[in-house]
Every structure is written in structure tokens, then in C-alpha cells.
Amino acid sequence: MGLEEKLPNGILLANVEKLVNWTRKTSVWPAAFGLACCAIEMMTVGGSRYDIARFGMERFSATPRQADLMVVAGRVTNKMAPVLRQVYDQMPEPRWVIAMGVCASSGGMFNNYAVVQGVDHVVPVDMYLPGCPPRPEMLLDAILKLHAKIMDEPINAKRAALRLESGARTELVPSSERYAPKNRSQRKLAERQQAAQRREMGAEKPLGALEERAELNAGR
């Protein structure tokens, strides 16, 4: 439009959306939610070598009401899932989630009844970070990609509609129908499957604590 040529030095032009998103991405406060070994790598990012303070993220919030980003670092059990959802619901908008590591992203090697097969069953995830555990450089790369995503987010009423379309109100659902049977017939079927697996392994019945200790003492 030629307006830039008529402005004096020291004046920049930008729209409100870009300014708001820039302030948001430069002051993202993470919520500490370390559950396993990935949390050690997340702590390393806060050290002087990687210096997450460069991005205004050195303050790991102990309360979800003063946090913008939840970094789920580790596996999430079914008993922990309601707590995770409650912490997420207490975070103010706008809020973002990074699933750090394969355990948080897809359950990892813990494919059983006790572990949620991906935190996206519980909360909406904005960034998936592979690795077991991922290195601190990978976490920094995911944070930079999240910053780029924040810069493109709308700040008007359209943002709420987009968040709903992306699953911002993710319901707390069981991670697997196989390991979380709902009715009696499904529970009976799961018990028969477990009994068949025990027979294949040579154990006719599940061992109790005393029986297991006796088996170990006998050298079996």
C-alpha cells in the first residue's frame, strides 16, 4: 500500500493476532507432569546446557492454573488418567499438550490393561514426540514446532470452533475395549482369554505371592 515508506523509523506494522500469538509463544509456562524416565530428559532441558529460558519457559508451574503447556512425560495408567484430565481442565485457555515419548504417545511397550494406550484418549494432544526416551534436543524441536503452531492460531471466536473440531473436549474413554470390558459377558471372555494364555505358558492357575516365592526357591 506504500504506507511503510511514509512511516518514520522505529515503527513496525503487524496485526493484533500476530502480536498476541507472539506474546503467547514467548511466555509459555509448562506444567510439570513427569511420570517416568522421559521426565529426566525434560529436567535436562531446564539446565544451562540447553537453556529453555531462551524461550521464556524456565518457570515450570507447580499449579495448573498458572500453566499454559502440559508436557506428559511418561506412561499414564488408567488410575492416573482422571487426575491427568482434571489437571488439564484446570489449566486456563489457551492451553497446549505435548505427548513426550512413545509411552505417552501410544502406550509404548506397556500394552496391557493398566496403561492408557496414548494420552490422546484423555486429553487433546497438539504435538507428538517420539523416542524412548527422546533426547532434550528433540523436546526443544517439538517446542519450536509448537511455537510455529501457536503463531498461526486465530484469537477470535473461530479459535473455539477449531479447538472443538480438533477434539478439545476429549472424553475420558478406556484405552482398549479388550482390556477394559464393560459388561459381564466381555469380562468372562477376557478371563477365558487370560486362562488360555496361562495354559500356553504352562501355568494352570495364577500364582499367589507365597506360591510364587516357593516356585522361585525351588529354582523353577
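Cβ atoms here come from the backbone N, Cα and C positions, even for glycine.
Features of the protein shown, as given by Swiss-Prot:
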- CYS37, CYS38, CYS103, CYS132: [4Fe-4S] cluster binding site (BINDING)
- 210-220: compositional bias 'Basic and acidic residues' (COMPBIAS)
- 174-220: region 'Disordered' (REGION)
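For the binding-site residues shown (CYS37, CYS38, CYS103), fewest C-beta neighbours within 10 angstroms: CYS37. In sequence order, ALA36, ALA73, GLY74, ARG75, MET100, GLY101, VAL102, ALA104, GLY108, GLY131, PRO133, PRO134 are the same-chain residues whose CB sits within 8 A of the CB centroid of CYS37, CYS38, CYS103, CYS132, the residues recorded for [4Fe-4S] cluster being left out.
Non-local neighbourhood of CYS132 ([4Fe-4S] cluster binding site): GLY101, VAL102, CYS103, GLY108, each in the same chain, at least six residues away, with C-beta under 8 Å from its C-beta.
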